[in-house]
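**Student:** Handing you this structure, nothing more for now.
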Amino acid sequence: MKQHLQQIDVIKGVAIVAVLLLHSLSRKELEQSYAIYHIWQAVPLFMVVMGLNLGLSLRGKTQRLQQLYTRKYFTKKAARIFVPFVMVFLLSIVAGLIWEWLQEESVLEFNFYTWVGVFPVTGRGNYFITLLLQSILLLPVIGYTFSRWPGLTTVGLVVLEVLFQLWAAQFSYFEENNYLYDAAFPRYFTAVAFGLWLSTLVWAPFRWRYFAVLATLAVVAAFCMYFLVYQGLELKSLLRPEWQSQQLLTFGYAAFIVWLTIKLLPSFSNFIPLRLLAELGKASYHIFLIQVVYFGLADQDLPLLLNLSVPIVLGYLFFKYEPTLLFGS
């Protein structure tokens, strides 16, 4: 029987709060607080955890090619990802119509991006939904190859990310269609690879050599982020400038945080702060969906407490009562 790790939910809970802070604070406030080392790690944490969960799901199983894209797999993903997405998509239309009626401000928009996961009323972070939809098709193949050829798969993921970044940096199409670059899953191939390898260490006892390797990667990442964000280092010929602080040289920082959290925290705890964060982690996808619509309507400059509490409360209630909304009591 698969053992549930509360630490993973805690990480996701911290990450979703970081997302809300990221979307509430100005860039100046974020830079002054050195958010690159905490708040800005939200998406890298989610992506490392995605790889970690993928690796854990493979544990003790023999992967067969014909079992990758089964009806059961797509039904499971539909229940977890598509159904909440469709519900919030419809909610955004209703909310947009009401907003336009009350505020006389146009907020509804339907275009090409609607077909790739952008809500009619869209706010900050919508790209992650498009990225998540891609994961449904890509993760089974990545998991299959990693279970058979872990080293080769890791090298392949790193090389593919590098090639994609080099291509995107030279491809002018992304200048006008930057959303497609923002939402490109290959940007996070290395983060997923980190998560896959961490899954092999979850049940292993603490070893200083693991700590040394991961800590070294984290220190290298920390220095890279510092020079990229605070010293004006530019790698325009290699990376698009808007996301150069999230790439293969910096994902080691998030990987170290994930590994350290798993090793330092218990698999289950009744300590109230940990339980609260774990509950938020379980509801993180629903909270994320709600916050996209919320920030599509609300002003970023609203009180921070409001920007945190509204998406968290509504998203958590959505998570808890989604079955009731769909099927009744």
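For all residues, glycine too, the Cβ spot is worked out from N, Cα and C.
Reproduced below are the annotations present in TrEMBL:
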TRANSMEM  7-25  transmembrane segment
DOMAIN    7-315  domain 'Acyltransferase 3'
TRANSMEM  37-58  transmembrane segment
TRANSMEM  79-99  transmembrane segment
TRANSMEM  127-147  transmembrane segment
TRANSMEM  154-173  transmembrane segment
TRANSMEM  185-203  transmembrane segment
TRANSMEM  210-228  transmembrane segment
TRANSMEM  248-265  transmembrane segment
TRANSMEM  277-296  transmembrane segment
TRANSMEM  302-319  transmembrane segment
**Student:** Would you confirm whether the transmembrane segment (7-25) and the transmembrane segment (154-173) meet the contact rule of 3 or more C-beta pairs below 8 angstroms, pairs 6 or more apart in sequence?
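**Tutor:** Stretch pair does not touch.
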**Student:** Do any residues, 6 or more residues outside the transmembrane segment (37-58), come within under 8 Å Cβ-to-Cβ of it, and if so which ones?
**Tutor:** 2, 5, 8, 11-12, 14-16, 18-19, 21-22, 25, 30, 128, 135, 139, 142-143, 146-147, 188, 191-200, 202, 222, 225, 245-246, 250-251, 253-255, 257-258, 284
**Student:** Test the contact criterion for the transmembrane segment (79-99) and the transmembrane segment (154-173): 3 or more CB pairs under 8 Å, pairs 6 or more apart in sequence, then answer yes or no.
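**Tutor:** Contact criterion not met.
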**Student:** Against the transmembrane segment (154-173), which of these stretches has the most C-beta pairs under 8 Å: 185-203, 277-296, 302-319?
**Tutor:** 185-203
**Student:** Under an 8 Å Cβ to Cβ limit, what residues of the same chain, 6 or more beyond the ends of the transmembrane segment (302-319), are close to it?
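**Tutor:** For the transmembrane segment (302-319), the sequence-distant neighbours (Cβ-Cβ under 8 Å, at least 6 residues beyond its ends) are 16-17, 20-21, 23-25, 84, 87-88, 279-280, 282-283, 285-291, 294-295, 325.
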**Student:** Same chain only, please: residues at least 6 beyond the ends of the transmembrane segment (127-147) with a C-beta under 8 Å from a C-beta of the stretch. Say none if there are none.
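**Tutor:** Contacts of the transmembrane segment (127-147) (Cβ under 8 Å, skipping residues fewer than 6 from its ends): 43, 46, 50, 54-55, 57-58, 61, 63, 65, 68-69, 73-74, 77, 81, 85, 116-119, 153-154, 156-157, 179, 182-185, 188, 192, 196, 288-289, 292.
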